[in-house]
Amino acid sequence: MEMSSFIPVNKPLLDGKEKQYLIECIESGWISSEGPFVEEFERRFAARVGRKHGVAVCNGTAAIDAAVEAIGIGPGDEVIVPTFTIISCIGQILRNGAWPIFIDSNPQTWNMDVGQIEKKITPRTKAILLVHVYGLPADVGPILEIAQKHGLKVIEDAAEMHGQTYCGKPCGSFGDLSIFSFYPNKHITTGEGGMVVTDDDELASTCRSLRNLCFQQQRRFVHDRLGWNLRMTNMQAALGLAQLERLDEFVQRKRAMGARYNELLHGLPGVQLPLQQTDYAQNIYWVYGIVLDASLGFDAHEAMHRLEEKRIGTRPFFYPLHLQPLLQEKYSSHKGAYPVAERMGEQGLYLPSGMALTMEQIDTVAKTVRDVLAQ
Ligand SMILES: *Cc1c(COP(=O)(O)O)cnc(C)c1O
């Protein structure tokens, strides 16, 4: 029976109060961003990560755009960014005429290699974009120390870190501004959605204004600044609230999935599995990633193709930002500049990891991975 059904890389779990809250939206007529779920979701989510303010937006990318704009990154500024991340991290930096300065990854945790940051700081450096990837937090402590020492702002991209902690403190509590995404493959989803969280009253108010076209209180259609329409709808927030109620359960579920994959794939030659824990955190397996050794004789692309033929959905790892074709004219970055991220980009893929994945499906995936990689 399982033999013929495709196992998708992601399927969310929406069997809590999602339906009930959505029906409330429809029956009350509150479907826009003016509805009551938005503020409630902001308040509860911000409280959950220990922050004073939450500003809900339409997606995680928009949350980063608003954060970069709110702290005033402008022409000629430099922002320290890991090269192994999603393009969303550098969109607004580039549009504002600033420069991302890339950092390679730690080969074990896959997060930015903290030891490489300080030598990249110049008088033009304005901020560090601290990104947590795939399930383990970046090493936040030393990054915050460097930022403090050099007077840099920190934007924390916690898009993949709902429910994760660093030394017992919630991810999303570390940046001047921190952001989350609620895309359907994240630990909690609103379909599309995101949030900026902060303790700073002024930054929160700037983000609220940027989200809402910079309309003014007194003279609505008179604008001092250019914003966007980044508003989250009441329907999205309704989903978010229902999902948030189950965050602890979801984190446990993901950890159990990761443990199962670890057990079943342990010892497979030529395959690097995710690190289960570090000194400061236990993996929450946002996705279950693997990195293939060159000795296997094929790359992630080939492995993904073979798994697709056996009806297993996968996705490649991030492709390093310094090698993006869109940057080639501006940057003289070349292959070999950030070897760890480059290797992960070529040899890394992730297996089905969605919240609705069953243990039986994991068994099927693991068995198929073993067969495919042994060929
Ligand atoms: C998902 C993700 C984003 C973008 O979020 P969207 O809601 O898809 O726009 C940003 N950063 C990281 C690290 C992500 O994983």
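A Cβ is built for glycine as well, from the same backbone N, Cα and C atoms used for every other residue.
Automatic prediction, not curation, is the source of TrEMBL annotations.
Annotation source TrEMBL lists active site, proton acceptor at K186. The annotation N6-(pyridoxal phosphate)lysine is assigned in TrEMBL to K186.
Around the Cβ of K186 (active site, proton acceptor), 23 further Cβ atoms fall within 10 Å across all displayed protein chains. DSSP assigns the residue listed as 'active site, proton acceptor' to coil, not to a helix or a strand.
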